[in-house]
Structure formats: C-alpha cells, structure tokens
C-alpha cells in the first residue's frame, strides 16, 4: 500500500506541470475573467484602506521600537534589490532594513513601477528609523513602514505610485505628502498575515436538499448550492476542507449587502467576486479590498443570483475557521457567491492548482488527510510555500 500511495502522489504532482485544459474552471461563475483592472490614482491625502493605519483593518498596532541591540533586531532583513534606489541619508544602511513582509511588498512594487514607467525605478527615502525622527508609535521604528517616490521625482506620478502600492499588497497606503507616499504593513507575526482564507463555523450554506446548514456541521460528500457561469443555481459536491479549525480565533471582514438579510463574514485574504467602479465585471478580489458601493452577487430566492450593493464593511472576531472546497471551486455562503480559495488573487490559478485533488477524488481514501482532520490541508500548505517564492507579488 505505501508504494501505491507514492505512485499516486507522484502522478498528482506531475499533473501540476501539464497544461490540462479540462482542469480549469472555464469561464468561471461570473463570466470571463480576463478584464484588466483599471488603476485609479490616489488623491492627495487619501489613504487605503479608509481606516487609521494602526487599526486591525490596516497595518495593526505598533509592537514597540526595534533597536540595533534589541532581541527583535533579527526580525529586520536587508534589502539589496538593484531595482530599488535607497536614499540612505544617514549612510548607515538603515533604510534597507525592513521586515520580511515589507520586503516582499516593496520588491513587488519595484517591478510594477518599472512596468508602468520604463526607465524609472522605485526610490525609498525613509525605511527603518533609529534616530527618533517620527512619532513615538511610528511603524518606521519596526521596519514596517516606508516613504517612497519614483527615481525621477516626478510628482505627477505619485498618485499612481500610491495605487501601485495598494495593488502590490501594502496593508496601508497614504498619499501623505506631495513629496512622498507613505506605506506600511502588518507585523509578520500578526494573525492577519498567518491565517488562511476561511469562514466562521456559524456561516450558513444552502444544501442541495434546500435546507440550510452551518459550516461547522458540513461534511465531505455533502451537496451544496453554487452558480454556473450564467448565474443559475447548480449543486456542487464538497470534496474536502482546505482549512478547518473549530478552536482558532480569527479576524473576519463583515460585509453587508443592500436588501440582503444575512451578513457575510470572511477572512481578509479570501476571494470574493466583486464588481467595483473601476472594473468592467465581477472579478476575484481579496475581501479586505471590498469597499462600500462595490457590487456582490447574492441569492434571495428563485433560481439565480442578483447583484447587490455593499452598504457596510467592518471587522469582527469569531472563533472557528472553515474553508470547504467544492468540485466547482465556488459556493454560496450566507447567500453570497464566494470562491473556495484564498491567498493568491486569482480564482482560476487556484482552481487549476488544485486540479489533482479533484481528478483523484475517487481514490481520496488512498491519500493522506483527505478527511475531516483539523488544520490546513497538506496539499494546500505545499502550494502556499511554493507560491510564496513564485507568486509573492500577488499574495497578501
């Protein structure tokens, strides 16, 4: 039996390297996914998200200054990216020091800047600070904040630079000064960084029988409702749980839609299908990007979903996280059409990456952990580790 398992696993891994057309989700549940998101520059003094920097919905609270001699100094890593210009006024290399998360985001932004303006590079004017030039709780003291410009110092570009920083995954972006853009990130050890994409156990799904059931009671093999590419209701089988932990406390984004009796709770890096004022259709979008006025797709009654405007977005903590995966990669949670996936802002890519698990669902009993075990599924953990190095510019 062990030999059989090894062979099966080898075949599954090999399939990831083969472009199998039938493994993809086709056009997806909401039409074609190839729209390019229109990038809208930030206005002077605008910040995204529209909450204070040190709140849960943004970069989170300060954890205290980091000094060269402190134990936490090892949390800072140097950034020698040749595509970034560091001003380094102090001539100490301090501006190159930052947290791992900040480094990932600024490296992603550097690529976006060169793609947007050929011949122009990203310029960091202020990074980690050890001289006390900022407010006492500034994230600059922790290597979690940067002040940035473009290498040509063209202030007409700064609004778009701020937008690119938002797209690169910075947790808070502020067009703070006409001389620079301020960006910051969550702490590397924060719950918002480490947690996967999930729903609370109290979230309700509609079963194929028509009854409603909380996710905490959902079982592998159950049939739930989702939609096809036209928005018509269809049923889909629950294949496994990508993440299941009834004891874990997580911060959820609470989304309330106009005329919809239920409220959706979802972790910040889970994918929802959203139409914003700057997009041409419904696109897979991280939950933390959702804003009032965006459109979601909801089910009220009848045989299909309808568009509804988001009227409220807030944060709420609950205990219990659940992430079921269906054969279609989508499902209705509390009446809102959602993706089963998180972490990478591409529903199609996530769906294709998990194709081996869907193809081999008939022999699931021969693979490890394809049951109701708690925690993150082993296959997803491997993909997440690989994605950190291959697709880091699209990850929260």
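Using N, Cα and C of the backbone, Cβ positions are placed for all residues, glycine too.
Features reported for this protein in Swiss-Prot:
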SIGNAL    1-22  signal peptide
LIPID     23  N-palmitoyl cysteine
BINDING   89, 90, 95, 125, 126  Ca(2+) 1 binding site
BINDING   90, 126, 129, 131  Ca(2+) 2 binding site
BINDING   140, 147, 182  Zn(2+) binding site
LIPID     197  cholesterol glycine ester
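Nearest Cα neighbour of residue 182 (Zn(2+) binding site) among the listed binding-site residues (89, 90, 95, 126, 129): 126. In sequence order, 125, 126, 127, 134, 138, 139, 145, 146, 148, 176, 180, 183, 184 are the same-chain residues whose CB sits within 8 A of the CB centroid of 140, 147, 182, the residues recorded for Zn(2+) being left out.
In this structure, the C-alpha atom of residue 147 (Zn(2+) binding site) lies 15 angstrom from that of residue 90 (Ca(2+) 1 binding site). Geometry remark: residue 140 (Zn(2+) binding site) versus residue 129 (Ca(2+) 2 binding site), CA distance 6 Å. In sequence order, 86, 87, 88, 94, 124, 127, 129, 147 are the residues of the same chain, not among 89, 90, 95, 125, 126, whose CB sits within 8 A of the CB centroid for the Ca(2+) 1 site. The number of other CB atoms found within 10 A of the CB of residue 90 (Ca(2+) 1 binding site), across every protein chain shown, is 11. In three-state terms derived from DSSP, residue 140 (Zn(2+) binding site) belongs to a helical segment.
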